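Participant: Feature list, courtesy of TrEMBL:
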{"type": "BINDING", "residues": "Cys47, Cys52, Cys55, Cys77", "note": "[2Fe-2S] cluster 1 binding site"}
{"type": "BINDING", "residues": "Cys117, Cys120, Cys152, Cys154", "note": "[2Fe-2S] cluster 2 binding site"}
{"type": "DOMAIN", "residues": "237-422", "note": "domain 'FAD-binding PCMH-type'"}
{"type": "BINDING", "residues": "Leu265, Val266, Val267, Gly268, Asn269, Thr270, Thr271, Val272, Asp368, Arg430", "note": "FAD binding site"}
{"type": "REGION", "residues": "568-602", "note": "region 'Disordered'"}
{"type": "BINDING", "residues": "Gln776, Phe807, Arg921, Ala1089", "note": "Mo-molybdopterin binding site"}
{"type": "BINDING", "residues": "Phe923", "note": "substrate binding site"}
{"type": "ACT_SITE", "residues": "Glu1271", "note": "active site, proton acceptor"}
Amino acid sequence: MSSPIKCSELIFFVNGKKITEKNADPEEMLLNYLRKKVRLSGTKFGCGSGGCGACTVMVSRYDPVQGTVRHFSANGCLLPICSLHGAAVVTVEGIGSTKTKLHPVQERIAKAHGSQCGFCTPGMVMSMYTLLRNKPQPSLEDIREALGGNLCRCTGYRPIIDGFKTFCGASECCQNGEGGNKCCVENGSTHQDEDADISDELFRMDDLLPFDPSQDLIFPPQLMLMAQKQDGGRLCFQSDRVTWISPRDLSDLLELKAAHPDATLVVGNTTVGPKMFVKGAYHPVLISPGRVLELHIVKRVKNGVILGAACTLSMVKDELERAVQELDQEKSKVYQTLLQTLRCLAGKQIRNMATIGGNILSANPKYDLNCILAAADCSLLVMSKGGTREVPLNEEFFTGFGKTSLRPDEVVLSVHIPHSRPWEFISAFRQAQRREFAFSIVNAGMKVAFAEDTDVVESLNVYYGGVGPTLFRAAHTCEELAGRSWDGELLGEACRLLGDEVTLSPSAHGGKVEFRKTLTLSFLFKFYMQVVLELRERGVSVSDLPQEYLSALKPFRNEVPQGQQSYQLVSENQSSEDPVGRPKVHHSSFQQATGEAKYSDDTPTVQDELFLVMVTSTRAHAKMISVDESEALSMPGVVAYVSARDVPGQNRRMVFDNPEELFAEEEVICVGQIIGAIVAKTREQAKRAAAKVKVTYEDLSPVFFTIEEAIQHQSFFNPKRKLERGNVDEAFEKVDRILEGEIYMGGQEHFYMETHVIIAAPRGEDGEMDLYLTSQHSALTQEVVGLALGVDSNKITCHVKRLGGGFGGKVMKIAPLSAITATAAHKTGRVVRCVLDRGDDMLITSGRHPFLGKYKVGFMNDGTILAADMSFYSNGGCTLDQSPFVMEKALLHMDNGYKIPNLRGRGFVCMTYLPSYTAFRGFGGPQGLTMMESAVHEVAVKCGLTPEQVRDINLYRDEICYTHHKQLFSARDMVRCWEQCLERSAYHNRRLAIAQFNANNRWKKRGICAVPIKFGVGFSKWFFNQGAALVNIFRDGSVLVSHGGTEMGQGLNTKAMQIASRILKVPMSSIHIKETCTGNVPNAAPSAASFGTDAVGMAVKDACEKLMKRLEPVMKEYPKHTWRQWIGEAYCQRISLSSTGFFMGPYTDVDWDKSEGMAYYYFTFGACCSEVEIDCLTGDHKNIRTDIVMDVGRSLNPALDIGQIEGGFVQGVGLYTIEELQFSPDGVLMTSGPTQYKIPVMCDVPSQLNVHLLANAENPHALYSAKGVGEPPVFFGCTIFFAIKEAIAAARRESGLSCSFPLNSPATAERIRMACIDQFTQMVPSPEPGTFKPWAIDV
């Protein structure tokens, strides 16, 4: 414990209100402070590490020197409250509300349908609000940059941009559009459909609130006075664990560093903060030098720029942009190179907080700036009490990962960045998992200087990050190349030398060893070409550079996604008061945009509430010898340790004859299995104590994690499934050709923005307990909690207001988590809250099943497929969960839209020692569909046809068709989607243009792909196809609807209100949906399978029709009464104004022995075409354009349906390209947060994303002829995958290689690059399998 000191008084403002904190805790972050102490819950907890943007706030500070107020967006989860002395904070609640007045930012994101689940919306709003405070008329590029640090898992980003680009000034129109098109600011496309009833307007621009910057909150005058006084006193804050000291000036800082040489310096907290929150790092003394003016200096000197070490990366960027504008191009090359990297480095919020000094001293080779600064011969001014010295910023400064050569008492005062000199050329390169907001896999800074007017190398600097534990300089290579001419011979020698000098163990941390070594060569080649071009411009004779090489030097431009959306208008005969079929905004969107919408963790804490943190296994398969919780129980604030012995009812339950335990009792079967839980007074206390629970293990055999290993061990869950149509073996004897292949498809993390949350509140009598939680299947949770507590389900009530995203991940896993939390509440007799950290959520709850598909296909030379035999292997993990149903869905979708007369599929769920995989949007559909599309793609290659030709040849086309499981359907609308998609996308013309592009470009290649889809909607188990609702009408005429579905962003409640409005003939404003509650609507089916609206909507319709039937006599008797008068009269006549509604869906089931059955309620059809461009040298790719035509029947709400299509597609883009789960050979999940696991951001969305709802489509099977559409679009991400494969094939063709090659999903930069085999990949030898332990494995 730190020795007591006199603590300072912390003063800052929140939303214009003064906060005075006399006992500020140095470990408390602003996010927690806002939510728990100020009771402002609009700012959300998403990850705790600055990786999602859900916690974005605006911070303002007054600069007394400049006399200006600086506004910047920041991550509340990384802002220590102690750093906010003298600052003003504005949260989403501070700019507007539905109770007072909306801010235009809030209104426009809502009206543009940019808020679905809404959890990310406050962060989006605050990023945009901050931009407007600094720039009232932003450009589209400004908006793109401002939102670069904000993730959204629901919308696909396009509607968010549509709302925000309305703030662009008139001068900014068409800056991101195409010539001749409408102004980009106008919502709607230029496509004029021949049908007059087709609309491209999803929201109107003419009734938006005007934006008036003068109405924003002013900066508090008291804070201006505080800043101007500059009393210069040292600030000290202390808790029982940590001391925070903010020195008054530079001399005070040096005194402190001398007295506390091991103290950690904190300014932006972007490196220290995540380590404290995620990894539990402990720093007893923190020194915050943010008030030291010398650390903020920005000075131009004769030969360069001096930047104070505490200058934020945003300030550095601004200063370098000014320098580039004011200096000759020859002098500013270093600054241009730095800017190129700064624009894609982290998100805007992080750049606003992180400092250049902190970035350097973090000594992390994945941080890009050090390579450039070292290559540019920058230097550091370092100071201590003993004096000042200048230190070269080179490889010698970095002594190891996270270590530098600074002495403990020294601080970095400033960085000197020199001007570039004549005949000096510098470039930077990086390749990351995602082009923006991601650490680089490998980065490089390279500088060469030539003798004047020659191509002779005087000096060469080549630095790499990501090829070792610290910054690496290719010293030998640089020395050997000095004095040589810059020509092809030099390049060849450089690659040879570099290949020898860059050494990485096959087991190196981070894996991807061959890829990383290849990137070092690719970057060098790019640098070589860049310098050749610049030398040529100067008239120096150098070797030729083919024209087709030049495009490799153009980096992909990150653009704001735009597009066209069209849908069919409702009939002119439909009443204007009937909302069905109209693009109504999500009913909670305005509350979501203001932060008023409440999620589970927004429930205010109550007195004596406790917090629970799980204790999980660190071994994959082991016997637990002992569990020692004594140290944990002795820690401050800890109340209890909960384990299997505390479960009053059943700790173990059977799921289809397979046991599942709440707490592991004797044996653990995966890393991340729950052993126990710590219950403490605060989250932080519980986390610290959980880390102190000591578990002694005895490892058991066998232990394996991959599908291949499970096959070797014959480790499969039952049942094994098979479907067969025709005679496959006989057909193989009659075909022209046969091919065999396989494809592996990796898993996917749900990454819902809101993690799992449970609040268990004992009621104190009869064993009653209320749970407020994040569940897609409340009835199951109720049942499991009841079993655990040993009480009947009628004593357990589950409440769900809304979810911050679900995607299937909150169907099953929430039940045991809730039971554990309820057990803790039962044991302590107090309210217990559990909010999983992002890392724990990813570890414990798992995600989409990895699949291995093996196929044998028989086909004719014209591309007609006559037979296919497919085997599907999924990694189910250690328990059954929903794996059999996922496999069944894969088998039921393996035909996609193709009439293959002889088709056989076998499904095997592998049991491995990983956390059990679970439901995910699309269930097994995408996996089953992808296996078939992979086979179709390979058939096309063998036949010399385009894949689209093979798809077209094999499509179901008849009005009467039967699936391979003998379910009747009509293919008419699927064929219409397919044909319209090809036409709207101009597929044939673009394929010709792509061929021309590929012929003219060696190192950039394009590909295009179009696929159809036939996707079953509903549950293949009939008992889930049901829905229930309760509709109450109150005497004032207001209507309350309750139903068993869960609102998670898909707009279920909005559609339910539209349906009720139509039947009852009352406005939607008179209808309210309070929550999902098992006490109101029991035994509800899960909200899943794209079936929620079908089930709930029909139930609501049924209840409302019953009420209208009761009211009919009253209405006839008093025809001139108003609705309210009718209700009053009905009440007086003792007519029941409450009604239940029920929907019993059709009987669906499959007889697996006979390979037949009606598996689905109906099919949703669609087609998608995507074009991509790849960089063959780095593996980077850009999604250029996507066109989707979707059959949703008669849409209940076109805006919501289009939002689901776009959001599902972008989630699919992640599944098939960048989202990669990595496990160690010991079964440890290493991608356990947004730092390691990347979901799509704005730059991953196709620059042009067009979605058209098929007109004149009907669906006689469902409510108002509509169709469910939540799941099918995920599969359309495969169009990006197969377009990438076509682009790779073009590159391979140019190298004389086969166009038939394996490519597993996701098509990451690594897989793309290594499939584009060329002279550089061939310089990197592959290690012999089995001779080393890989860093990561494909499970």
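Yeah, the Cβs are placed from backbone N, Cα and C, and that goes for glycine too.
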Participant: Could you break down the residues of the region 'Disordered' (568-602) into DSSP helix, strand and coil, giving a count for each?
Facilitator: 9 helix, 1 strand, 25 coil
Participant: Rank the binding-site residues Phe807, Phe923 by the number of other Cβ atoms within 10 Å of each Cβ and report the first-ranked residue.
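Facilitator: Comparing the binding-site residues Phe807, Phe923, the most crowded Cβ belongs to Phe807.
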Participant: Determine, using Cα-Cα distances only, which of these recorded positions is closest to Leu265 (FAD binding site): Gln776, Phe923, Ala1089, Glu1271.
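Facilitator: Smallest Cα separation from Leu265 (FAD binding site) among Gln776, Phe923, Ala1089, Glu1271: Gln776.
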Participant: Quick one: Cα separation, Cys77 ([2Fe-2S] cluster 1 binding site) versus Cys154 ([2Fe-2S] cluster 2 binding site), in Å?
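Facilitator: Spelling it out, the Cα of Cys77 ([2Fe-2S] cluster 1 binding site) and the Cα of Cys154 ([2Fe-2S] cluster 2 binding site) are 22 Å apart.
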Participant: With every protein chain in view, what's the tally of Cβ atoms within 10 Å of the Cβ of Cys52 ([2Fe-2S] cluster 1 binding site), excluding that atom itself?
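Facilitator: Cys52 ([2Fe-2S] cluster 1 binding site): 30 neighbouring Cβ atoms within 10 Å.
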Participant: If you skip the near sequence neighbours and keep only those at least six away, which residues in the chain come within under 8 angstroms of Thr271 (FAD binding site), Cβ to Cβ?
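Facilitator: Those within reach of Thr271 (FAD binding site), by Cβ under 8 Å and sequence separation of 6 or more, are Ala354, Gly358, Ser362, Asn364.
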Participant: Rounded to an integer, what is the Cα-Cα distance in Å between Cys117 ([2Fe-2S] cluster 2 binding site) and Cys47 ([2Fe-2S] cluster 1 binding site)?
Facilitator: 17
Participant: Are there any residues at least 6 positions away along the chain from Cys55 ([2Fe-2S] cluster 1 binding site) with a Cβ closer than 8 Å to its Cβ? List them or say none.
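Facilitator: Same-chain residues close to Cys55 ([2Fe-2S] cluster 1 binding site) (Cβ under 8 Å, separated by 6 or more) are Leu31, Thr43, Lys44, Phe45, Gly46, Asn75, Gly76, Cys77, Gly123.
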Participant: Which residue, out of the binding-site residues Cys77, Cys117, Cys120, Cys154, Val267, shows the minimum number of other Cβ atoms inside 10 Å of its Cβ in this structure?
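Facilitator: Minimum Cβ neighbour count within 10 Å, taken over the binding-site residues Cys77, Cys117, Cys120, Cys154, Val267, occurs at Val267.
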Participant: If I take the Cα of Phe807 (Mo-molybdopterin binding site) as reference, which of the binding-site residues Cys47, Cys152, Asn269, Asp368 has the closest Cα?
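Facilitator: In terms of Cα distance, Phe807 (Mo-molybdopterin binding site) lies closest to Cys152.
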Participant: Rounded to a whole number, how many Å is the Cα of Val267 (FAD binding site) away from the Cα of Ala1089 (Mo-molybdopterin binding site)?
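Facilitator: Here the two Cα atoms lie 48 Å apart.
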Participant: Around Cys152 ([2Fe-2S] cluster 2 binding site), which of the listed recorded positions (Cys52, Asn269, Gln776, Arg921, Glu1271) come within 10 Å, judging by Cα atoms?
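Facilitator: The recorded positions passing the 10 Å Cα test are Cys52.
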Participant: When you measure from the Cβ of Glu1271 (active site, proton acceptor), which residues in the chain that are at least 6 apart have a Cβ under 8 Å away?
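Facilitator: Listed in sequence order, they are Arg921, Gly922, Phe923, Gly925, Phe1015, Val1017, Ala1089, Ser1090, Gly1208.
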Participant: I want the residues beyond Cys47, Cys52, Cys55, Cys77 whose C-beta is within 8 angstroms of the mean position of the [2Fe-2S] cluster 1 site's C-beta atoms, in chain order.
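Facilitator: In sequence order, the nearby non-listed residues are Leu31, Lys44, Phe45, Gly46, Gly48, Ser49, Gly50, Gly51, Gly53, Ala54, Asn75, Gly76, Pro1234.
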Participant: Want to know which binding-site residues, from Cys120, Cys154, Asn269, Asp368, Gln776, are within 10 Å of Cys52 ([2Fe-2S] cluster 1 binding site) at Cα; which are they?
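Facilitator: Among Cys120, Cys154, Asn269, Asp368, Gln776, the ones whose Cα sits within 10 Å of that of Cys52 ([2Fe-2S] cluster 1 binding site) are Cys120.
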Participant: Just to confirm: which same-chain residues, 6+ apart in sequence, have a Cβ under 8 Å from the Cβ of Gln776 (Mo-molybdopterin binding site)?
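Facilitator: Gln776 (Mo-molybdopterin binding site) has long-range Cβ partners Leu803, Gly806, Gly808, Lys810, Val811, Ile814, Thr1046, Met1048, Pro1086, Ser1087, Ala1088.
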